[in-house]
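For reference, the structure discussed in these notes is given below.
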Amino acid sequence: MPVFKTPFNGYSVKFSPFYENRIAVATAQNFGILGNGRLHVLELSSNPSLPITELIAYDTADGVYDVTWSESHDSVVVAAVADGSVKLYDLALPPTSNPIRSFHEHTREVHSADYNPVRRDSFLSASWDDTVKLWTVDRPTSVRTFKEHAYCVYSAVWNPRHADVFASASGDCTLRIWDVREPGSTMILPAHDHEILSCDWNKYDECIIATASVDKSIKVWDVRSFRVPISVLNGHSYAVRKVKFSPHVRNLMVSCSYDMSVCVWDFMVEDALVSRYDHHTEFAVGVDMSVLVEGLIASTGWDELAYVWQHGTDPRAS
Amino acid sequence: MAMRDLITGATSCPDPSASSSSQNPLGSLANALIGSSSKTQERLREIPTSNSTGLASQFYSEPLSQLPGSEFDKPFLEANSQGSEFLNRFRSAGAGGFEETWDEIQRDGSQLRLYDGRGQLPPQLHQPALDGTPQRVLSTFLHSFLDSSRGGIPFHPASLPVLGLSEGDKQCIRDRSSIMARHIFADKSEEFIHAQVNALLSSLDIDSNVRGKGPMPERFRELDDYWNESQGNMIQGAHASDGWISEFSQNRERYDNPDAWANSFEQQHGVNGWVSEFEHSQLSSVDQMRGMNMSNIAAREQTRMLANTLAQNADPKFQNSKFLQFVSKMSRGELIIDDNQVKETALPAPGDWASEYQQQYNHGDAWAGEFLNNKAFSGVRPEQWANEFATERQQNGAVDDQWVDEFSNLRVNDWAEEFGEQVGEGAFGEDSSNNWAQAYDEFLNEQYAAKQRSDSSRGVYVFSDLNPYVGHPNPLKEGQDLFRKGLLSEAVLALEAEVLKSPENAEGWRLLGIAHAENDDDQQAIAAMMRAQEADPTNLEVLLALGVSHTNELEQSAALKYLFGWLRHHPKYGTIAPPEMSDSLYYTDVARLYNEAAVMSPDDADVHIVLGVLYNLSREYDKAIAAFERALKLKPQDYSLWNKLGATQANSVQSADAIMAYQQALDLKPNYVRAWANMGISYANQGMYDESVRYYVRALAMNPKAENAWQYLRISLSCASRNDMLEACDSRNLDLLQKEFPLQ
């Protein structure tokens, strides 16, 4: 059965870049408003009819809002915690020595974390304190703080090709593109009229980026010609919480929304909505696509369930 | 650290001393409940009507125990010293409460039989099974609570044990709920979101004035001021009266049997009770009017708005959302923290209603005065009225709708109106909030108008201010000469003079459009071309140019329209383009038609050009490059074609090739601004920012109006770490830029 029950409300789910059967799920108690958090590492069985098993779980004093896998060590995960801390866990070490790092610099909730897929030695955290911070595992403090946004930063994502370029999505209604070698942002995209909750780069064209907003739409942009979006995807009936490009198909992307659905889109065709999955019974807030298995999608939501399924099949089918 | 941290929780609390001494309230609640769950269970089993089994499965369709991971769904917080301390508090404060609660339920049960207007059997009382995990307890608790209230059944849950919220916890709730509310209620106004959050906070007894994360700074700055202003002046009188009326009517609906209502009223207060209470309440002071109840009523009114919002979404999934129920319950005041004790307040039972009604009287000093006057006018003395009511009731027996109707029509409406008048006169300072609402509307209208303006400004040609060619005997010829010489900006002026003189001259507009396109100004190019198309709807060159310009602006549907039009009006290919297709154009159809055309006449360079443009639209750059290369074999002297090839190569990440193509274009036409700018882009794409800056500056020196090029220049300057020149870029100081970045 490709479903796992978490005690708390799901916030984020990520596939391991090293093991095709491993996922990490970030959860928070009481819808993340108040209470503890827990980070789960789960193993999918090679036989899809067998249940998902838990490898290990780490408890935190506040909700875990996001998680990202290390691109250099197969056993390391980074957790974005609502108390403003960023914590590193090493699954290979005994529970008593975890977390191996706890960086506490953000003054507000950390809403996302993203590991650099090109340099593989650093990661970003985006926080409600309006900043993005750049970290490496070996330094006790952040390498840099990017402070330009005027409101919560909900997500910061590395470009898949350029090691120094990342984008940040903020509640100040802008998307900013940054080059860590530069002092300030290199581009400001007033992408939506409402808060932007998520962004992601296309994995095949490093100039294409998607933004997901509270205005219920997803927009796809070419950063070289940013006055008009390439495509506007409408179909969600509430704020779009997360957007993610497929690692395997150039024009495919997946999104999840407060309307409790997970949608798959092809942004280059007229009828962009490819599939709609209505398996969650609460806000769907976390979604990911496997790099190692084409078409494998994972999602989680405030119904305390994490699903893993093959695109085109019913997530609830056992 | 782990366990201790887990229990103490709330490390985000700004005041470390506060958090270390406090416990995570929900965790401790859980602790307490788990710690004493056996006791609770026993107690529950003694309650005959309580449903202590299978509540969970009622709410979760799938059996939880079979879900992988549900085995972890066990108490993760072990009772340690803090837990047991809490437990003690729980035993003294909470567990004892069960007995009282049970008594309460018993009492209410008997009342229920009396008031149940629909004559149904007394509903089974839902008593949640207070076992399981912390989350489950709270959730099940609230869930069953809402469930029962939905059916119109008053529900008196067991009071939850102490939930001490530290300042840090309150701040968390305040901040996080504000931010989340903005995501969920995005299409509501900021005012509404504010109201929601305030309702939630006030029911949790959290000071909403300490603003955590305010609204978005850019969008709502004006609104914020309005809001603060109105908050400063507003006394929540209007809310209260609205709340009262809607509450009254709501109750009336629920207990639609007036007999029952009257019964209960009489029972509670006696026939004359109301009168004496009314008189008593008249004595209450203005101080009371501003008292706590006001904010509670206001909060409940806001909650009704929330409930309406939720009800608006017909999706059953939404109606069943635990989260939305959680939020709405909190904001409905069903979960009240009083003296640091969580109290679940039931929906007002009939008796409650009467006392609430009475309570509300306490605030209406002015209102009560009005009522007195009213009485004087109508000449009905309260005692008489009450007597009349009593006698009439005896006469009419069951049918007391009349009385209720009369009551509601005569009194409530009058009061409400008069109260409204008062408000209108500014007695309550309400006018300021009206102003606020008006100003907000105006703001919205303005925004809408501005958007309309910006939409309509697309496609409107903007003429230059001072044009030396106005009055020229033959500006078209002059313009054509200038264009041929490559003096594009001059040619633009001459051609503008031409189309001012003869606005129906399609050729003048067309050349003007091309001059703008070559000058790297697609907006103006599109505007000019649209005028050309108006003058001559079938001009092929115009249609092609419009298709290309819209492609550059990534406006696919517009581009397809014109490219299809080109085919339609072409003498050779018109036959293969069915006119009915123009209603709904799809990329694949148009591309197919052009491929057919290319098969028909493989030596028509224009068809290959359009194919190249189409493949750019679909981002099939390899095919686009092949199409342009084929066209260039037929038209090697077409500089704009070289430029198109270069742009396509650049898009397909072949920037080095692109520079060669641009160079070809510039060799053919040295003043081709667009090619210079594109050259800059290609260098920038290769990371050669210094080079790219020089090309942008060159392009801008020829046409300072090329907006895109300014943007690109800025990016390249910052990438080249030449922030010292950003100022020159922003102030458009071309002299300085040219001196700093000469092109060798």
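Note that Cβ sites are derived from N, Cα and C of the backbone, with glycine treated the same way.
Computed from a predicted structure; not experimentally measured.
With a cut-off of 8 Å between Cβ atoms, the residues of this chain six or more beyond the repeat 'WD' (A:103-145) that come close are 17, 65-72, 76, 78-88, 151-163, 166, 168, 170, 178, 180. The repeat 'WD' annotation in TrEMBL covers A:103-145 (among others).
Across the repeat 'WD' (A:146-188), the model assigns an average pLDDT of 93. According to TrEMBL, the repeat 'WD' annotation covers A:146-188 (among others).
According to TrEMBL, the feature domain 'EIPR1-like beta-propeller' maps to A:152-265.
Among the features that TrEMBL reports, repeat 'WD' is placed at A:189-231 (among others). Assigned with DSSP, the residues of the repeat 'WD' (A:189-231) fall into helix, strand and coil as follows: 0 helix, 20 strand, 23 coil.
Residues or ranges marked as repeat 'WD' in TrEMBL: A:233-275 (among others).
Within its own chain, the repeat 'WD' (A:189-231) has Cβ neighbours under 8 Å at 151-152, 154-155, 157-162, 167-177, 237-247, 250, 253, 255, 257, 259, 265, 267-268, 272, counting only residues six or more beyond its boundaries. Within the repeat 'WD' (A:103-145), the DSSP-based counts of helix, strand and coil residues read 0 helix, 22 strand, 21 coil.
Within the repeat 'WD' (A:146-188), the DSSP-based counts of helix, strand and coil residues read 0 helix, 23 strand, 20 coil.
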